[in-house]
Each structure stands twice: as C-alpha cells, then as structure tokens.
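Working notes, structure below.
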Amino acid sequence: MSSEPTCVVAEAVTRVGVPADGAALKGRSGLARIWYASGYSVAGLKAAYRGEAAFRQLVLLNLLLIPLAFLLDVSRVERAVLIAVVFLGLIVELLNSAIEATVDRISFELHPLAKQAKDMGSAAQLLALCLIGLVWAVILIP
C-alpha cells in the first residue's frame with residue numbers, strides 16, 4: 001500500500017466515470033465536449049463537498065440565504081445581487097481548495113511559497129465572506 005496521499009478530486013472524477021487525465025475531451029468539440037467536461041465539474045463539486053468542511057459550511061449558508069433572498073421584499077436586481085454574492089463565496093472556496101490541493105500535491109514540506117499561496121487563497125475567501133456580509137447589510141439595512 002502506498003504511503004502517498006490520495007487525490008480526492010482524481011478519485012471523485014474516476015467515480016463519475018470520467019478519466020482523471022482528461023482523455024475523454026481529446027478530439028471532442030461542441031456539445032460532446034461540454035457533456036464530458038461537465039463530468040469533471042460534478043466530480044470537483046463532489047470532491048469539495050466530501051473533503052472540505054468550509055465548502056460544506058458555505059453550501060449550508062447558500063441553502064439558508066438563497067431562499068431568504070426570495071422571501072425578502074427587495075427588487076429583482078437586489079435579489080439577483082444577494083444570490084450572486086453567496087455563489088461567489090462558493091466559487092472562491094472552490095478556487096482556494098484547488099490551490100491547497102495543488103500545493104499539497106507538489107509537496108507536504110513546509111516552504112514559504114507554499115504558505116504564501118495557501119494564505120492568499122484563504123485571504124481571498126475572507127474577502128469574499130466580508131463582501132457577502134457587506135452586500136447583504138447594504139441591501140437590507142435601511
């Protein structure tokens with residue numbers, strides 16, 4: 001048995017029937033390429049949900065805030081902004097997790113650049129969360 005860590009994303013991609021190396025996309029175009037590429041997207045979402053507690057917490061936040069956005073007495077544009085900003089939190093968390101996975105894949109050794117990359121990803125997520133709070137406050141507080 002190998003002592004190397006396994007890649008959660010590669011495992012999830014394989015589980016949904018899409019080769020982890022991208023071979024399914026070679027020579028394909030149009031709708032076929034979109035269809036196969038969507039398998040990688042689903043695998044990434046599954047891997048993030050399984051492997052990242054922060055992603056699961058943001059999914060829960062989205063499940064609370066999106067229905068709330070529809071219940072609030074706000075304009076359609078404000079509602080769209082409220083929903084878009086919480087999706088932005090999920091997007092930034094996916095990118096942060098991808099950065100962390102890439103850094104960990106390269107090496108588990110402590111290195112100043114690895115720390116810097118992970119810290120910057122975390123800072124991006126912090127700013128996204130601040131933006132969520134700010135946008136919701138600006139729209140909801142009279």
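Any Cβ shown, glycine's included, is placed from N, Cα and C.
Bear in mind that TrEMBL entries carry predicted annotations, made automatically and left uncurated.
According to TrEMBL, the features are:
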type	residues	note
ACT_SITE	E93	active site, proton acceptor
BINDING	R33, R79, E93, S122	substrate binding site
BINDING	R33, Y40, E52, E100, E109, L110, H111, K118, D119	ATP binding site
BINDING	E52, E100	divalent metal cation binding site
TRANSMEM	54-74	transmembrane segment
TRANSMEM	81-103	transmembrane segment
TRANSMEM	123-141	transmembrane segment
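Sequence features annotated in TrEMBL and their locations in the structure.
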residue	record	CB count, 10 Å
R33	substrate binding site	14
E52	ATP binding site	19
R79	substrate binding site	17
E93	active site, proton acceptor	23
E100	divalent metal cation binding site	17
E109	ATP binding site	6
H111	ATP binding site	12
D119	ATP binding site	10
S122	substrate binding site	14
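Rounded to a whole value, the Cα-Cα separation of E109 (ATP binding site) and E100 (divalent metal cation binding site) is 13 Å.
Here the CA atom of E93 (active site, proton acceptor) lies 10 Å from the CA atom of E100 (divalent metal cation binding site). Largest Cα-to-Cα span within the ATP-binding set R33, Y40, E52, E100, E109, L110, H111, K118, D119: 39 Å. Of all the recorded positions listed here (E52, E93, H111), E93 has the Cα closest to the Cα of R79 (substrate binding site). Here S122 (substrate binding site) is compared against the recorded positions E52, E93, H111, and the shortest C-alpha distance is to E93. For R33 (substrate binding site), the spatially nearest entry among the recorded positions E52, E93, H111, D119 is E93, judged by CA separation. Here E93 (active site, proton acceptor) is compared against the binding-site residues E52, H111, D119, and the shortest C-alpha distance is to E52.
Secondary structure from DSSP puts D119 (ATP binding site) in a helix.
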